[in-house]
């Protein structure tokens, strides 16, 4: 995603220079300034739309074919599609290629996100996800340097595609990315789950730590057929559907309202590259804030706090911008950008924890798609030349207040094992805000089956067992 805005700005700045003499073999260039400047935000919107569509499609593929095949196919498709962007001969071809390229990248991102989450135990899920977030941020910081070295958007696109090709060649090694045991067990594939757990135990003792040895054996005795679930089953639920809608709504608000804050920061930022680095600072601060608070205070409480900060900063800027000092406006804008980043990241992570394994890919794809639709608000506003900005700010500020109220209806997932079936997803309840549920740090991937919860049945079964053998007391009788 960050390559879209960076490449488009490079093309725009290059188009402002005096035109050079073209040779018959030189690649075609297009005018992207003055009357044709609308093509730049249109290309960015198209790329984000590809990410949104790819997230939804890849999520459904994850639940049907598995996390690993979806990741490998998406990463493999991204290589030729990236080359097609670099070799495009007209603007329409660029739009179509960028749309498909974004869809392929979204599939790789979503499938890897889900697989990584399901391979972690509860105390380390947030930590591993935030480390991945910092890695993404490091890639964003390295991208301008790569752009300066390439100096042409086609060469930059080719360099990014070469990196993807190298990653695709490395990830085809089965030892680097195994199929999720959670998904295999939840879809009743015990043989594949047993092989995966053996591979994990051989690499780091994960089988003994997660306690999943008995579960594949119990499923193997029943010889079940694989059972897959579709996204349509989410619409027939009550709690799962409610959680997905609320978290998709908050992710949409967090990404859509960010443009209202960055527009206030634009007059205070230097030219392109320093401004690009300055806008990465709030994203890093949001990651660090979630690392410190979300594991101690709970997901729901931190998400509620970030939503309150986002809504408050937005309302103050909306109503009092003309009356506040410039320094206060700048501080509120920085606070709003940081809080909105935290809302977006925590909404996606929260959704991945509360959605059950059998529909986690499809549900998370809908949430990520809503987030990317909100991200498209900035380039769409640029197409309209900032007309209607007040209405845009007013609508998203109202939505932020509504998001604060809806977050109260969510369950708490901190320290809890991931739900796997639709029944487990429906059984999640909303605890009191300041009462944390008991932690479940070291649990099997799936709950053990056949454990009696009605202890009144234990006494009759024990009496029958004692009556069929020796007496309840005294030495055994002689025959």
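Every residue, even glycine, has its Cβ placed from backbone N, Cα and C.
Not measured: the values here are computed from a predicted model.
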From 6-29, 30-53, 126-149, the residue range that TrEMBL assigns the feature transmembrane segment
126-149
With the ranges 252-276, 277-301, 327-351 to choose from, which does TrEMBL describe as transmembrane segment?
327-351
Near the transmembrane segment (155-178), which same-chain residues lie under 8 Å Cβ to Cβ, leaving out any that are not at least 6 residues past its ends?
3, 7, 10, 68, 71-72, 75-76, 78-79, 82-83, 85-86, 112, 115, 119, 146-147, 196, 199-200, 203
Within this structure, do the transmembrane segment (302-321) and the transmembrane segment (390-410) have 3 or more Cβ pairs under 8 angstroms, counting pairs 6 or more apart in sequence?
yes
Beyond the flanks of the transmembrane segment (327-351) by 6 or more, those residues with Cβ under 8 Å of it:
113, 126, 129, 133, 243-244, 247-248, 250-251, 253-255, 257-258, 260-262, 264-265, 268, 279, 282-283, 285-287, 289-290, 294, 299-300, 302-303, 306-307, 309-310, 313-314, 316-317, 321, 363-364, 367-368, 371, 403, 410, 413
Count the CB pairs under 8 A between the transmembrane segment (95-114) and each of 70-89, 126-149, 363-384, then give me the winner.
70-89
Across the domain 'Major facilitator superfamily (MFS) profile' (1-415), the model's average pLDDT, rounded to a whole number, is 84
